[in-house]
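J.: Residues or ranges marked as domain 'EngA-type G 1' by Swiss-Prot: 4-167. Feature annotation from Swiss-Prot assigns GTP 1 binding site to 10-17, 57-61, 119-122; the stated evidence is sequence analysis. Residues or ranges marked as domain 'EngA-type G 2' in Swiss-Prot: 175-351. Feature annotation from Swiss-Prot assigns GTP 2 binding site to 181-188, 229-233, 294-297. Positions annotated as domain 'KH-like' by Swiss-Prot: 352-436.
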Amino acid sequence: MVLPTVAIVGRPNVGKSTLFNRIAGERISIVEDIEGVTRDRIYATGEWLNRQFSLIDTGGIDDVDAPFMEQIKHQAQIAMEEADVIVFVVSGKEGVTDADEYVSKILYRTNTPVILAVNKVDNPEMRNDIYDFYSLGLGDPYPVSSVHGIGTGDVLDAIVENLPVEEAEENDDIIRFSLIGRPNVGKSSLINAILGEDRVIASPVAGTTRDAIDTHFTDADGQEFTMIDTAGMRKSGKIYENTEKYSVMRAMRAIDRSGVVLMVINAEEGIREYDKRIAGFAHEAGKGMIIVVNKWDTIDKDNHTVAKWEADIRDQFQFLTYAPIIFVSALTKQRLNKLPDLIKRISESQNKRIPSAVLNDVIMDAIAINPTPTDKGKRLKIFYATQVSVKPPTFVVFVNEEELMHFSYLRFLENQIRAAFTFEGTPIHLIARKRK
């Protein structure tokens, strides 16, 4: 289920990032300290009153070389295009500025709910000054001190109040996948080649421009698929369409709804930092992964080309050791027929459950091969393990002391589990817990 989106807009130095961090809280921290697994600070998940939402700081999307008014105009346009709720941040210290009025006139034309947050109201005496902001015509202003956390609860109440009604859970029998990657890697050509030119025309689902475009199809075995592609990746001429951070934001919305993610790389251009960043988001989200090298027909090859590419990919994407690599051509349709079966196998791995008895046999065999570590004379004891969830498969290992479970030994156990069971194309998570 795709999360509703809340966009924070406003001119520089009004405290957008501080409010963003206050709402996002600890959710914004980096999950894994591995090169390529990064958390872009323009995008996070917020939660209030049991409602989750995606939070975007549009200020992080700005082209710093663009004229000032152009920057904030782009912010407002992106927010109107992407968001279900807009939080317009102004400064109580400076009062209403020309830039605030400029943005408010743009936002006034949208049907998207706008919450006016007057930030930097750091003491009670300043609350009287917020009434000047009624002149912006955006309703009641909310006094906030992001630094001290004052008033953020009221803003969050207003956000949740204006979020769209929660969608029903999607059919788990349908495999949902998305194609992500830099502009011009050939995502649209791949989509057309996979579906056939006559089928892609019928793909758009009625809705706003910020909705994902879903394409439904069924393979020869009767398996239903939904291919998820964001509107911004398919339509040309959108504001900031080709800027990296805007593409990141679009890609993450597609990742949210996908079970399997196809990371598309352009064989003509090789691997870029953007590729690693996007792949890192999908990995952190626990999605199934396929690395698709497109335009394979365009490069000169010898007997060592595939091996060199695979080695480079494994080196650049060290956190994706589980992801299969496939070399394709949207133009010639080379190997495209293999993708549906590969996606199916990865989806099955994502949903695989291992009986506890069988799992613990593997754990005991692993300990016999490589005994548990010791620290200051105390040895790690593993009592038992059990699988607690799927998508991705997640296992809890109950131990005497969590601190004794070194990262390297947890990785060893993961490798042993992977060797015993087929978990193709999916991350698996192992968590150490002290037995009570």
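For all residues, glycine too, the Cβ spot is worked out from N, Cα and C.
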J.: Determine the Cβ neighbour count for N184 (GTP 2 binding site): the number of other Cβ atoms within 10 Å of its Cβ.
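T.: Step by step: centre on the Cβ of N184 (GTP 2 binding site), count other Cβ atoms within 10 Å, giving 12.
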J.: What is the Cβ neighbour count of G181 (GTP 2 binding site) at a 10 Å cut-off, with all protein chains included?
T.: 24
J.: Using Cα coordinates, what distance in whole Å links K16 (GTP 1 binding site) and G181 (GTP 2 binding site)?
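T.: Pair distance, Cα basis, whole Å: 28 Å.
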J.: If one measures from the C-alpha of N184 (GTP 2 binding site) to the C-alpha of N13 (GTP 1 binding site), what distance in angstrom results, rounded to a whole number?
T.: 35
J.: Report the same-chain neighbours of W296 (GTP 2 binding site): residues 6+ apart in sequence with Cβ closer than 8 Å to its Cβ, ordered by sequence.
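T.: When sequence neighbours closer than 6 are ignored, W296 (GTP 2 binding site) has A267, F327, V328, S329, Q334 within Cβ distance under 8 Å.
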J.: Can you check how the pLDDT averages out over the domain 'EngA-type G 2' (175-351)?
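T.: Mean per-residue confidence for the domain 'EngA-type G 2' (175-351): 79 out of 100.
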J.: From the Cα of G181 (GTP 2 binding site) across to the Cα of V121 (GTP 1 binding site), what is the distance in angstrom?
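T.: A Cα-Cα distance of 42 Å.
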J.: So how many other Cβ atoms are close to K187 (GTP 2 binding site), meaning within 10 Å of its Cβ?
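T.: Around K187 (GTP 2 binding site), other Cβ atoms within 10 Å: 23.
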J.: Cα distance, G10 (GTP 1 binding site) to G181 (GTP 2 binding site), nearest Å?
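T.: With distance taken Cα to Cα, G10 (GTP 1 binding site) is 29 Å from G181 (GTP 2 binding site).
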J.: Would you kindly give the Cα-Cα distance separating T58 (GTP 1 binding site) and K187 (GTP 2 binding site), rounded to the nearest Å?
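T.: That separation, Cα to Cα, works out to 25 Å.
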J.: Can you name the residues of this chain that are 6 or more positions from N13 (GTP 1 binding site) yet have a C-beta less than 8 Å from its C-beta?
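T.: The list for N13 (GTP 1 binding site) reads S91, given in order along the sequence.
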J.: Give the helix, strand or coil assignment DSSP yields for V121 (GTP 1 binding site).
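T.: Assignment for V121 (GTP 1 binding site) reads coil.
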J.: Using DSSP, what is the helix/strand/coil residue split across the domain 'KH-like' (352-436)?
T.: 31 helix, 24 strand, 30 coil
J.: Please report the three-state DSSP label of N13 (GTP 1 binding site).
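T.: Its secondary structure by DSSP: coil.
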